[in-house]
Amino acid sequence: MNCASKTLFSSSYICQFTVSIRLVTLWFASRAVSGEVPVEPMVSKKTGLLYEKRLIERHISDYGKCPVTGEPHTIDDIVAIKTGKIVKPKPLHTASIPGLLGAFQTEWDSLMLTNFSLEQQLHTARQELSHALYQHDAACRVIARLKKERDEARQLLSEAERQLPAAPEAATANATLSNGKRAADGGEQGPDAKKMRLGISTEVITELTDCNAALSQQRKKRQIPPTLASIDALEKFTQLSSHPLHKTNKPGIFSMDILHSKDVIATGGIDTTAVLFDRASGQILSTLTGHSKKVTSIKFVGDTDLVLTASSDKTVRIWGSSEDGNYACRHTLKDHSAEVRAVTVHATNKYFVSASLDSTWCFYDMSSGLCLAQVTDDSEKVDYTAAAFHPDGLILGTGTAQSIVKIWDVKSQANVAKFGGHTGEITSVSFSENGYFLATAALDGVRLWDLRKLKNFRTFEFPDANSVEFDHSGSYLGIAASDIRVFQTASVKAEWNPVKTLPDLSGTGKATCVKFGPDAKYVAVGSMDRNLRIFALTIVNVLIFLYLLRDLFTSSSSSSSSSHRIISAQLRYIKEAREIRLAMQPLELIKRVKEIQQEASTGHETDVKQNTEAVDLSKRRKAFLPTNEESSLKALEEWRKRKMERARQRDLEKTGGVSSSKTS
């Protein structure tokens, strides 16, 4: 019995072992070689076992046999099996609450680690940014210091260059001994001592005389250019553009000049800067900074790349263009002891004059910045506020704060004529191109002087006239005061007729400077705001002007009476349209509202009354606008009807003329 039971037990044990071996084999087969469920299953044709594609292909290529049975295999002996997407089941421990809490804790730890690493990266980036900003700030400070040192070195160099020619004379003058001691230097001689000047040499005088002779011969042959803007064109000038060139905290354009060859406008502002503006492109070319007070005068030096500026800081600066297109200060001239009011360039473009409130005017050499002569009138002490060269270059006109106009001979620096009659400070002087007339502006208006008879022949009473300017051809005269007036020039006995009145659109009531563009194609105006305004023909005006010219030439084939009638009718249309456009703008009400609102800030007691007046005027304006618009629309409708009727009549006249010609 024991033997039989042992035999039975051993046989059952062998069977169980065989089954377990088979199960292990199947498990290995189902899990391929990696021990994981195959992602891309493949089956063997010979053994029927299941494998992972990437593993069985690598094993066959390396060993050439089945990894389980060891039978020889090739790639052709295995076949891919199509299966659905395998979703791996979650582990059993994640199905319990402790397992879920553990999973959540793991995720939270991972999130905290990620957040910590991000905070570290942010802290590092902030440190790098602060370091870069510190380096940038340090570099800016170094650059500013180097620029300051460069400017100081340039200034010292320019002063040394100006003093070098006078060194021998100064040494000779200081060589005189007094009580065995050398005389004091010029800078220590007291406030009344004058600096040594070389004077205007005979070579310079010869050059000025030759220039005068050449210009006089050219002026005799001078003719008005055919491209000059006509009176009809000037009458149609309106504001074409407005350009804010200067700072808002210190608004005001005090001086202006135009380089006609390049159509570049230079302005000097109360904000201590000068701006070079390209009118064609509407872009600022360069901003000249260096003065510490307002720029009182600015001039181009012919067609060169030089610009002169004068300032209330008692200096004159010569600016030159650099390779990058910007302008740098080449010379800073400090020969005046008070505010410099004007600079004017000689026709040779080699010399210029500055006029100052220190009762002197200086004659400079342009290339070296050396003051050749500093002139004062010993007969009377006057403060110079304006200056201009005669077109021929041998006469200098100056205006003073004592209402006197003085004419100087440049060669001898002698006062040859003196004009009185103005009231208040002379603000501007301008010579006509023909050299016969001098225009002067002062607080009481503008006066015209005949230089041949040295007398005043005409007066324009414009209070607070700030600027007067002849155009380059001498055909027009511009005056800047509370508005801008343009006159047609004439002879001494003929009437100087007004051509156009341009309003001061700045709202300040003070136009400070006026200049004519090339061939008087536009008028540039500076005011006490920061805007440069250009007045010219607008596109609408140009089209109307061309339309009139076309009708003028096409109507020459018809009868003279009908053409005259058509042209007069067209002019009447334009006049009516202009009147309608002006009628739609209540300018007086708008101006009065602005005045009251500006005056409203002066006192608390007057605020209530002025604000009430402003509100009343605003209500009147609002009440006026609908009525005005309605009347304007009616007028426009009537004008369109009349225009259509007259066009129909012209067509009938043309048709009748054609039929009569055929009949004849």
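Glycine residues also receive a Cβ, built from the backbone N, Cα and C atoms like all the rest.
Annotation comment: TrEMBL describes 24-98 as domain 'U-box'.
The annotation region 'Disordered' is assigned in TrEMBL to 160-194 (among others).
Feature annotation from TrEMBL assigns compositional bias 'Low complexity' to 165-176.
The feature repeat 'WD' is assigned by TrEMBL to 288-319 (among others). The average pLDDT computed for the repeat 'WD' (288-319) is 92.
Look at TrEMBL and you will find 333-374 (among others) tagged as repeat 'WD'. Nonlocal intrachain contacts for the repeat 'WD' (333-374), taken as residues 6+ away from its ends with a CB within less than 8 angstroms of a stretch CB, comprise 158-159, 161-162, 165, 194-195, 197-201, 204, 207-208, 211, 215, 293, 296-302, 304, 306, 308-318, 381-389, 391-393, 396, 398, 401, 408, 410, 413.
Among the features that TrEMBL reports, repeat 'WD' is placed at 385-418 (among others). Tertiary neighbourhood of the repeat 'WD' (385-418): same-chain residues 200, 205, 208-209, 211-212, 215-216, 219, 341-348, 353-355, 357, 361, 363, 373, 375, 377, 379, 424-433, 435, 438, 440, 442, 449, 451, 454, selected by CB-CB distance under 8 Å and a gap of 6+ residues from either end.
Remote same-chain residues near the repeat 'WD' (419-459) are listed as 219, 222, 385-392, 397-401, 403-407, 465-470, 472-474, 477, 479, 489, 492, 496 (criterion: CB distance under 8 Å, separation of at least six residues from the stretch ends). According to TrEMBL, the feature repeat 'WD' maps to 419-459 (among others).
Taken from TrEMBL, the feature compositional bias 'Basic and acidic residues' applies to 644-654.
The region 'Disordered' annotation in TrEMBL covers 644-664 (among others).
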